[in-house]
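See below for the structure under consideration.
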Amino acid sequence: MLLLLLGLMAGTCLSSLVPEKEKNPQYWRDQAQQTLQHALELQSLNTNVAKNVILFLGDGMGVSTVTAARILKGQLHHMPGEDFQLEMDKFPFVALSKTYNTNAQVPDSAGTATAYLCGVKGNEGTLGVSAAVIRSQCNTTRGNEVTSILRWAKDAGKSVGIVTTTRVNHATPSAAYAHSADRDWYSDNEMPTEALNQGCKDIAHQLIHNIPDIEVIMGGGRKYMFPKNTTDVEYGDDEKARGTRLDGQFLINVWKEKKPRNKNAHYVWNRMQLLELNLDRVDYLLGLFEPMDMMYELNRNNQTDPSLTEMVEVAIRILRRNTKGFFLLVEGGRIDHGHHEGKAKQALHEAVEMDRAIGQAGALTSPEDTLTVVTADHSHVFTFGGYTPRGNSIFGLAPMLSDTDKKPFTSILYGNGPGYKVVAGERENVSTVDYAHDNYQAQSAVPLRHETHGGEDVAVFAKGPMAHLLHGVHEQNYIPHVMAYASCIGANKDHCQLSSSARLGSQPALFPGLLTVLLLLSLF
Ligand SMILES: *[C@@H]1O[C@H](CO)[C@@H](O)[C@H](O)[C@H]1NC(C)=O
Ligand SMILES: *[C@@H]1O[C@H](CO)[C@@H](O)[C@H](O)[C@H]1NC(C)=O
Ligand SMILES: *[C@@H]1O[C@H](CO)[C@@H](O)[C@H](O)[C@H]1NC(C)=O
Ligand SMILES: *[C@@H]1O[C@H](CO)[C@@H](O)[C@H](O)[C@H]1NC(C)=O
Ligand SMILES: [Zn+2]
């Protein structure tokens with residue numbers, strides 16, 4: 001009887017969660033018909049040349065993270081959340097990307113960055129080099145460097161930019177400009193003497209020297225640009241924020257000196273300086289807002305540090321002045337860090353902020369001439385479940401107790417990580433702690449200091465010219481080949497010789513017809 005009562009109560013409670021309009025079957029039919037109309041319109045493909053390409057990379061943004069971020073963003077807008085649409089959800093084409101590294105089933109961010117930026121899969125921990133390079137072995141590097149789409153775009157006369165919430169010399173951005181046997185070689189201070197003796201250069205050095213005319217560089221990583229023990233401009237008392245370089249170089253000065261005299265190169269280190277710039281007069285911008293990675297969005301000081309969205313807006317306004325177009329890499333880099341720490345709330349707010357940046361980029365560009373791709377390098381062992389009712393807080397509890405230890409559990413859980421907690425020989429009772437706190441570490445099945453990456457495929461969202469080429473289950477290194485093809489840069493651009501009307505596919509016979517006419521003419 002009691003069970004029946006409880007069941008009935010749960011039943012009424014759950015049905016009252018259903019938005020009134022959704023009880024009408026016509027609501028769902030209309031909604032599906034509208035989606036169908038949009039899908040039918042996709043039959044006329046956008047085969048324009050992509051003047052601009054923007055790649056948004058959510059580090060560690062697996063599919064479960066995308067879904068949870070969608071619910072969170074909806075709930076931040078005071079909606080139930082499940083039916084909310086992220087900006088990336090609105091993209092017409094979606095594919096899956098196989099993320100493994102050449103030597104790793106579950107990959108890392110360096111090997112994957114080599115794949116989606118350079119078009120070649122590499123080993124875990126290595127950057128901008130082929131799988132012939134062994135991690136940490138400097139002397140395997142020479143001759144095995146591979147170039148990135150950022151270089152291909154530069155060679156085609158486009159402007160290029162890198163925006164990240166991590167250090168600008170962290171794994172993801174680094175593969176765009178550096179070639180390194182080890183992702184951890186942030187400055188020469190982090191390199192083994194052997195590698196230095198063998199002539200390998202640290203990643204910060206490569207940022208300034210390899211492609212000296214990158215128009216926009218923004219993120220963290222100030223300390224790797226200054227000689228060892230140089231006091232940081234923002235955190236004077238913090239020893240960990242001091243410069244690291246052993247070679248005594250002030251790389252920000254080197255960066256400035258390498259620019260042509262008649263160009264305006266601006267270095268900024270805080271938000272106010274950034275927002276005060278007259279962007280019409282900025283040719284080169286270097287913004288380094290923290291000594292290491294930038295703050296989590298939830299902890300950000302909105303006076304000193306720009307948001308990812310603000311950085312993306314500045315970047316696009318500078319880059320789009322080039323009539324030949326631009327390539328921009330944007331990394332939501334700390335989704336990954338939140339997950340590694342088991343702090344799902346930090347990770348999801350990072351993902352929501354990246355989605356805002358995607359919306360901002362969409363407002364400043366057009367899918368007529370801009371290919372935008374949103375993807376992740378790899379997933380995490382992050383999950384949410386437990387038959388939570390509609391509109392349940394994404395950080396909330398499942399509506400049941402464990403049937404063995406009789407304790408509640410949060411919907412969000414990790415397969416492994418620092419959230420594993422045993423109290424007096426038993427799983428911690430989450431009702432006794434603040435599981436909605438920004439830094440709450442969700443429970444995990446296996447204790448690990450750092451939660452790990454996940455190995456399943458990640459999503460690729462695409463809109464704009466040739467977005468339909470991202471259409472199935474692809475190897476991750478296919479992505480930059482599509483972006484290059486679409487924008488007529490890099491290796492295979494034979495198709496770009498055809499006139500754009502022929503390429504629209506409406507008159508497939510035009511080209512052979514033209515050849516026949518020319519042949520006939522030559523006969524006379
Ligand atoms: C390359 O360096 C490794 C140590 O990192 C060393 O064991 C090896 O002998 C070197 N190989 C060559 C060909 O110099
Ligand atoms: C580092 O800098 C601090 C403050 O400028 C100074 O007191 C200290 O002696 C320096 N340490 C070294 C090893 O140079
Ligand atoms: C900046 O942060 C402060 C303190 O957290 C907050 O009160 C204020 O509303 C924020 N301002 C903006 C523009 O976000
Ligand atoms: C868990 O904690 C809550 C809140 O303190 C308490 O009401 C409940 O009885 C606890 N459950 C168990 C199994 O200890
Ligand atoms: Zn990671």
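Cβ atoms are placed via backbone N, Cα and C, with glycine included.
Please treat TrEMBL annotations as automatic predictions, because they have not gone through curation.
Annotation source TrEMBL lists signal peptide at 1-15. Per TrEMBL, the feature Mg(2+) binding site maps to D59, H170, T172, E331. Marked as Zn(2+) binding site by TrEMBL: D59, D336, H340, D377, H378, H453. Per TrEMBL, active site, phosphoserine intermediate is recorded for S109.
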Protein Cβ atoms within 10 Å of D377 (Zn(2+) binding site), excluding its own: 30
Euclidean distance between Cα atoms of D59 (Mg(2+) binding site) and H453 (Zn(2+) binding site), Å: 10
For H453 (Zn(2+) binding site), the three-state class that DSSP assigns: strand
Pairwise CA distance, H378 (Zn(2+) binding site) versus D59 (Mg(2+) binding site), rounded so that it is a whole Å: 7
Surrounding CB atoms that lie within 10 Å of the CB of T172 (Mg(2+) binding site), all protein chains: 30
Cβ contacts of E331 (Mg(2+) binding site) (under 8 Å, same chain, 6 or more positions away): F56, L57, G58, D59, I162, V163, T164, T165, T166, T172, P173, G219
Sparsest Cβ surroundings (other CB atoms within 10 Å) among the binding-site residues H170, H340, H378: H340
Additional residues surrounding Mg(2+), by Cβ distance to the D59, H170, T172, E331 centre under 8 Å: L57, S109, A113, T164, T165, T166, A171, P173, G332, G333, D336, D377
CB within-chain contacts under 8 A for S109 (active site, phosphoserine intermediate), separation at least 6: D59, G60, H170, A171, T172, R183, D336, D377, H378
